[in-house]
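A short write-up of the structure that comes next.
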Amino acid sequence: MGAILTLVEPVVVINKLGTSFFDMALTQTVYNQSLKATAGDSDRAQTLSSHFLLIQSVLSSVAAMLSIIPLSRMADRHGPKVFLVASQMGSVLGMFTLVIFMYCEVPLEFLYLGSLLHGLSGGGPMFWAGVAALASLSSEQGKRTLKLNIVDFCFGVAGVVGGLLSGYLYQMGPSILLLTAILVSVVALLYSVFALTDSRRSLSESEPLLAESENGKTMDRVSVGMLMSTMVLFMLGMVGAENVLQLYVLKPPLSWDSIWAGYGRAATSTMYLSSFIGVLGLFKVLGDTALTLLGIVSNCTGMAIMAFTVESWVYFLARGIMMFACVPMPTLRAMLSKNLHPQQYGRVFGLLQLVLAVTDLLSNVFFTSIYPLTLGWFSGFCFLLSCAISYISAIPIMYVNLSIKDNSKSSFGHIVW
């Protein structure tokens, strides 16, 4: 029983269910309010919704950046569980702002307060910093890539279930969907506070660093920098485009309702399942670097097809091609942890999430600013741009791979000599 309570996966699953329900409620509410404000003009409603979600994302990301340093210091003293508890508290508080909006006469801009509360508590960046740190601390180096992909697999399963159920719950009533989201999120918070234990493997059990050599410190810093650069470039191209895609499917020619939007979210989350199966079957054959490159190619190819989506089946075809799109991030986090000592996990993963929070902000600002400008001539342009940016992320990871190979050859030659 004690071993089960050290697993972070239940928190990931329950939290994802809650956020899936809330995201559907929020997106549909914002879009419907925009349609009312524009007298049913879908293009203008898309522009208004995009503008609203952009400001919301900026507020949340900036607030998260302000909270990362104090939360990281708390995590150094009390463990990475702090990240999970703080971020989920802010998430629940933010959800209540949508409740107030639905039942009180307040302007749509009131919802910005929810984003601010969520961000000041650490938001998504700190939640995933805690998840990555706890998963790394509870796993051996040789199994860390698989462990972090299992976490993503659980995230994907919850996303599929949440995506499928959210559309039907919304049809029953927006308030029912929102209430369910809050209840599920509160369960995740209570589990994190009272059930989850912070289990740390002893330092004597820690393995040698992946990039350890005669010039170990320099090599570690270079590897860490390159791995972070890969994650930044991949997220820069992916995050903003995925957020734009949620609006893209609501307008003609797709014109999805909440049911189809739920199917779309479920298809998106299915990528976590297919990515996990890919890692499970190919990890021993390909290794970390090749798996990461496979995921980058899969994501970029599917996003390029998404740019020309005019029928629903094309959307789901593109999602099928993106079956390994969720491999890179957990695999890169595992590679990063192999270049660190266990004492550095909280601090470095906190720094990583700070960088990724800035990247998330820039990506959302960039794509949501471009998207309204392309509605009149080619609304799929954002997805082609996403493809191009994400492909560039392959360069740093290939550099790391070549550097490790060169160092291995040099060390071998020195021993022979």
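Positions of Cβ are set from backbone N, Cα and C atoms, glycine also.
According to TrEMBL, the feature transmembrane segment maps to 52-71, 83-103, 115-138, 150-170, 176-196, 222-240, 260-283, 290-310, 316-336, 348-371, 377-400.
Under the criterion of 3 or more C-beta pairs below 8 Å, with sequence separation of 6 or more, the transmembrane segment (83-103) and the transmembrane segment (290-310) do not qualify as touching, having fewer than 3 such pairs. Here the transmembrane segment (377-400) touches the transmembrane segment (222-240). Their Cβ atoms form 3 or more pairs under 8 Å, with each pair 6 or more residues apart.
For the transmembrane segment (176-196), same-chain residues at least 6 beyond its ends with a Cβ under 8 Å from one of its own Cβ atoms are 5-6, 8, 10-11, 14-15, 17-22, 24-25, 81, 84-85, 88-89, 91-92, 95-96, 98-99, 102, 166, 169-170. With a threshold of 8 Å between CB atoms, the same-chain residues lying at least 6 positions outside the transmembrane segment (115-138) that come near it are 6-8, 11-12, 15, 56-57, 59-64, 66-68, 71, 75, 80-84, 86-91, 93-94, 97, 144, 147-148, 151, 198-201, 333-334, 337, 342, 345-346, 349-350, 352-354, 356-357, 360. Between the transmembrane segment (316-336) and the listed ranges 150-170, 222-240, 260-283, the one holding the most Cβ pairs under 8 Å is 260-283. Beyond the ends of the transmembrane segment (222-240), by six or more residues, the same chain brings 210-211, 292, 296, 299-300, 303, 325, 328-329, 332-333, 335-336, 339-340, 348, 352, 355-356, 359-360, 362-368, 382, 385-394, 396-397, 399-400, 403-404 to within a C-beta distance below 8 angstroms of the stretch.
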